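Notes follow once the structure below has been shown.
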Amino acid sequence: MVTAQPSLPLKSSLFILLLSLLLLHFRLSFRSSPNLTLTPDGIQPQATCSNYIVRFTGYKPASDHRSYLESNLRSEGWEWIQRHNPAAKFPTDFGLLSIRDSVKEAVIEEIERLGLVKDVSVDLSYNRGLLSGAFEDGKKRHGKIFTSMSFSEEKHSHYSDLSNSSINWSRHLLMQRSQVTSLFGADALWRKGYTGAKVKMAIFDTGLRADHPHFRNIKERTNWTNEDTLNDNLGHGTFVAGVIAGEDAECLGFAPDTEIYAFRVFTDAQVSYTSWFLDAFNYAIASNMDVLNLSIGGPDYLDLPFVEKVWEITASNIIMVSAIGNDGPLYGTLNNPADQSDVIGVGGIDYNDHIASFSSRGMSTWEIPHGYGRIKPDVVAYGREIKGSKISTGCKHLSGTSVASPVVAGVVCLLVSIIPENKRKEILNPASMKKALVEGAAKLAASNMYEQGAGRVDLLESFEILKSYQPRASIFPSVLDYTDCPYTWPFCRQALYSGAMPIIFNSTILNGMGVIGYVQNPPAWHPSSEEGNLLSIRFTYSEVIWPWTGYLALHMQIKEEGAHFSGVIEGNVTVRIYSPPPQGEKTARSSTCVLQLKLNVVPTPPRSKRVLWDQFHSIKYPPGYIPRDSLEVRNDILDWHGDHLHTNFHIMFNMLSDAGYYVETLGSPFTCFDATQYGTLLLVDPEDEYFQEEIEKLRDDVINTGLGLAVFAEWYNVDTMVKMRFFYDNTRSWWTPVTGGANIPALNDLLEPFGIALGDKILNGDFSINGEQSRYASGTNIVRFPRGGYLHSFPFLDTSESGATQNVLDSGTIKADSSILGLLDVGEGRIAVYGDSNCVDSSHMVTNCYWLLRKILDFTGSNIKDPVLFSESVKQGVPLYEDDNRLPSRRTDVNYSVYSAVTGKDLICRSDSRYEVWGTKGYNLQVRGRNKKLPGHHVIDLGRGLNSTYYTTRSRHPKFIKRSKGDSLGNKYLGLLYGDELDVPELVASHWLVPAVVAVTGFVLIFSIWRIRQKRRRRRRSGSGRLPNL
């Protein structure tokens, strides 16, 4: 009996050990082949070789570039790819290499050290299809994300920016569908003999059939794809060509005598590659094209080889016309390359002169956070139910900005033909043509400048401008009039006042005098009356204007002596531009540009009504995979709309303005504003880290200065982030979100001095407060809150990865109460925290919570306590507390300095701050260096903001990142599983720690039992008398 007793613990121990080993093996196996459902076709890709573009510093025959690499590279594992296309007979500035994935970092590093090499980039593929169509049910399709090409009819609807509703226009069209050419008066120019003759038109699209009966002047068809055909098998390229130059009586084009050069750059599967575009662009330059239409676009304005080649195209005096995008009615959805200042970006309208619902809206987001976006689109044209040529014969109707773009391209071809051929290159260029279009455009009454640009194209007005055009420089727009609403929205929505953050207006310089120009004298402000001296303007601008365009940004403040002034300030801003003399001239060309200002000024509002919006801590795509805020939206996984008051939060901005609030923007750290001037600091969906100085200053601002703090957070769950990763077939690497909807670990650091913390649940569901129905869409939960605060909780399902597991165990029926809204008095100030921002974000809003935002601002700014929100029933008698080790933690496998304006950067106040702190560390801080560096990560400096000079505007982020010696040990082991991939999730402790502990415990238990049995055996041998007593 006695000797048999240990066998039961032994069996139990063996069982525990076996179970632990199986569990550990399962966890590791699962993590070593993660998320197969998120890879293309559900198959784990086998990394072999990838294609890379090597750009050189000059043009040479491809054979010379190849010989240069072969004679200077010692590394193996790479191969030169011969490109057989029409550009092969011309010198080139790049080569295409196939590099084995296992040695890519070493090979690329060696290539980039070569003196004649400019840089190395992945050969991205472009997938043409609706932006949201790039992701289906949360899965990434092949190819780069690009906007839609029009292949079907678009429903008649118009978006109202004053509400979340759509207005149906189909029942009251003012005219029947007719020839789009007649709507612009093209027949008037035809009667004058202008038909587009001798104009070389490059159409980058899906190709064109040689024997198509609608075209009289197809000069050349070229194929740049890997398919052996020149024909259009999709119909889009044919339609675009028909709008530009078709001669069929049923669907006339604008310039039927235009010489058509059809560049087939997309396959039948609507896929293309950067290298195809680069070769085709080079061929267009060598062939001396006049106009180029590009009915494509996407959100990635950091695809450097593509963007810089577009600059080279326009610098070669080719007028590029491109669709602004079909991602409307959302704001901040401009597509590249149409968002570039040297390109004519085209939006779409319907026959009632209403902005089409599909047309993307501005502003540009390159310049955020330190600067301010430019006005885009440049112009709009009819883009709904336009007639064009079918693939082989006949006509059809299509809608989209990719239809509006060839409308403007056809107008441009017609305008080019009015200039004698021997003078065209002297007079016409991308800047002079854009000037003729924007100055001749008809402004639409009901739309703002970020919807319509200069307005609807007016062919006959632009014709009159070009007839007498002389090379000069100008500014677009040439007038900023605060009394012209809604056109000058958002400026006309909120007047200037003393003590405010600078109001930034970013205008575009169009230099028709030459491809390169310079600012001769600094810009100057000339007030038209004595009151104008109350306005102070500082300028940032392009010191070098190339190609053809630059920017002039006005940073406007009202001086202290204007604190009580109410009225209108008028005057002009002037800047003189000069360009080197062109061939045949001896003196430089110069021109004075004038920008007219008419500004409303009001007395400084009370502190309680002034709200400061934090723009600085927002991170967007590109360059990183910043995920969407609402996980319920599965067809648009990227957060790319700018997160700005005047992009996807524009409806909220209008609401706050209507409610009597004055909202200012902070694009610099928290040390750069004077808290005594503001009632509330508003943080919505922040993704970045915080300097320690910011944390300390905010604590003092709230507790001692009486600043209110309102936070609208978002989800954050590492397991869910891992689940959202996908294999990017272009870069042959895994893409994982660099953070959640918001950066909760950083936000918890900021809120820690107040005893507040957020968790990692992802909550979804409907709830009601005092009869107000709201939708909680992928919001987070509050897990720490002090005693005496007011905390609102509601039953929700946790849809995070860990929460979903628990839901399965609970049969998915239990909705646990989770705290989502907290309100707290802290010293002299007040804090409100809400765990979801989707209800104030126009992008994917289900229901708005503007009512809640107003009540929160009433509390934080004026200490007005709504009786429902501050009911005794929700007052905390005891603090809500969660241990530190259960709070969301940062991912250790992401090099955050690549994306952050904080990590590894200097704390400095930029030109979006008050003048007195420009270039300093901020208020009450000594000027000293301060870099924030996360443990285990090296520093990459992204440089200054885009709104400075030409040199800084052209800077880009590094493409390849070297791992530092400080990388964690976990990263090294991770490389054994996945290879050296960017943003691959590590096995965090929770993934392996529990099975390992259980396994070790089993071993210890077995060893202990074995020791006990050995001792007992020795005692029996020695005749111990204790055995009977046992």
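Backbone N, Cα and C atoms are what each Cβ position is placed from, and that goes for glycine too.
Where the annotation comes from TrEMBL, it is an automatic prediction and has not been curated.
Per TrEMBL, the feature domain 'Peptidase S8/S53' maps to 196-448.
The Cβ of Asp205 (active site, charge relay system) lies under 8 Å from the Cβ of Asp232, His236, Gly237, Val240, Ala241, Ala262, Phe263, Arg264, Val265, Phe266, Asn293, Ser295, each on the same chain and at least six residues away in sequence. Taken from TrEMBL, the feature active site, charge relay system covers Asp205 (among others).
Of all Cβ atoms in the protein chains displayed, 24 besides its own lie within 10 Å of the Cβ of His236 (active site, charge relay system). The active site, charge relay system feature in TrEMBL is assigned to His236 (among others).
Positions annotated as active site, charge relay system by TrEMBL: Ser402 (among others).
Annotation comment: TrEMBL describes 605-875 as domain 'MBTPS1 fourth'. Summarising model confidence by region, the domain 'MBTPS1 fourth' (605-875) averages a pLDDT of 91.
For 992-1012, the entry in TrEMBL reads transmembrane segment.
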Other C-beta atoms that fall within 10 angstroms of the C-beta of Ser402 (active site, charge relay system): 32
